[in-house]
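Asks: The following block contains the structure, expressed as structure tokens.
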Amino acid sequence: MTNAPHTQWTLGILGGSGLYDLPGLENPEWVSISTPWGAPSDDILFAEIEGVRLRFLPRHGRGHALSPSDVNYRANIDALKRAGCTDVLSISAVGSLQADYVPGDFVMVDQMIDRTFAREKSFFGKGCVAHVSVADPICPRLSALAADAADQAGANVHRPTEDKSLTYLAMEGPQFSTKAESHMYRQWGCDVIGMTNMPEAKLAREAELPYATMAMVTDFDCWHAGHGNVDVASVIAMMQKNSAMAQKTVLNLIKTLQDRPRSACASGIETNLDVAIITPQEARDPKRMAMLDAVAKRYLAQS
Ligand SMILES: CSC[C@H]1O[C@H](OP(=O)(O)O)[C@H](O)[C@@H]1O
Ligand SMILES: Nc1ncnc2[nH]cnc12
């Protein structure tokens, strides 16, 4: 039975800059969860909406005290897994790298480039080595459902197509980009830029959690001659303007989930460790394996 898919949705939400709470939920309770990887960014808000379970974690903490490099991404993903999440949606502020995506728009990215360099990027390592595929880092099902929910909320939503991926460039920060960098990312074909969704998406894949990003455009970074360079005040002002839309999107998404029993993700995300772990059982370090008790729970239960 360990490979049976979850038949009930428990939606995890990682709230980014400007999104530190979700009002209007049933039975809300902030719950502290500890992990073998250290402390997550904050307690997790457990709640329900019409029977669908929701788990909300503000990525930078409620007081936004954690910079993108200080967020403990491993602890956050592990804690969401321990909280029973079946799927994780990131709601993030991003700069637009293309004229077509303007502040206020929602961009459902399907590709990512990871330029971060000062973060722990894997649950695996000495004592248990794994190489998961992140060829397609985003769960297409969750992304499509979130896009529809955002549409219904009245947002201007951009979706990837067969011919055109939408790419999120993850930079280390905390400083914003130079103009030369911003122009280079545009030449690379990137669509939006942020500082947090990598290694988050990679870690979600290792934890066998379908993950999607709803990127909310707040600025034009610093490449656009007709717009000023990004600053925190403009990002937060735009997120505040859009937070009602984000909240409505979450409510719509929950209502959609309520109407459809959950089945396994067609992309195989939920069983991807079966083809990723290379260290044979006899060579595994018991200490490392104990730390993987939540992340690799399904895998370990069958081996
Ligand atoms: C406050 S501007 C830069 C900040 O905003 C984005 O955060 P998040 O992805 O958590 O919404 C960006 O990645 C930076 O962390
Ligand atoms: N221009 C930008 N660069 C990096 N992260 C961002 N978050 C919001 N806008 C951003």
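One is the number of the first residue shown, and numbering goes on along the chain from there.
Note: Cβ is positioned from N, Cα and C throughout, glycine not excepted.
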Asks: Please identify which of Ser17, Ser133, Ser143, Ser243 is recorded by TrEMBL as part of the phosphate site containing Arg59, His60, Ser92, Ala93, Thr196.
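Replies: Answer, per TrEMBL (phosphate site with Arg59, His60, Ser92, Ala93, Thr196), from Ser17, Ser133, Ser143, Ser243: Ser17.
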Asks: Taking only the Cα atoms, work out how far His60 (phosphate binding site) lies from Ser177 (site 'Important for substrate specificity'), in Å, as a whole number.
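Replies: With the alpha carbons as reference points, the distance is 20 Å.
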Asks: May I ask for the distance between Ser17 (phosphate binding site) and Val232 (site 'Important for substrate specificity'), taken between their Cα atoms and rounded to an integer number of Å?
Replies: 10
Asks: C-alpha of Asp219 (substrate binding site) to C-alpha of Ser177 (site 'Important for substrate specificity'): distance in Å?
Replies: 13
Asks: List those of the binding-site residues His60, Ser92, Ala93, Met195, Thr196, Phe220 whose Cβ lies under 6 Å from any atom of ligand 2, in sequence order, or write none if there are none.
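Replies: Correct list: Ala93, Met195.
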Asks: Name the secondary structure element type, per DSSP in three states, that contains Phe220 (substrate binding site).
Replies: coil
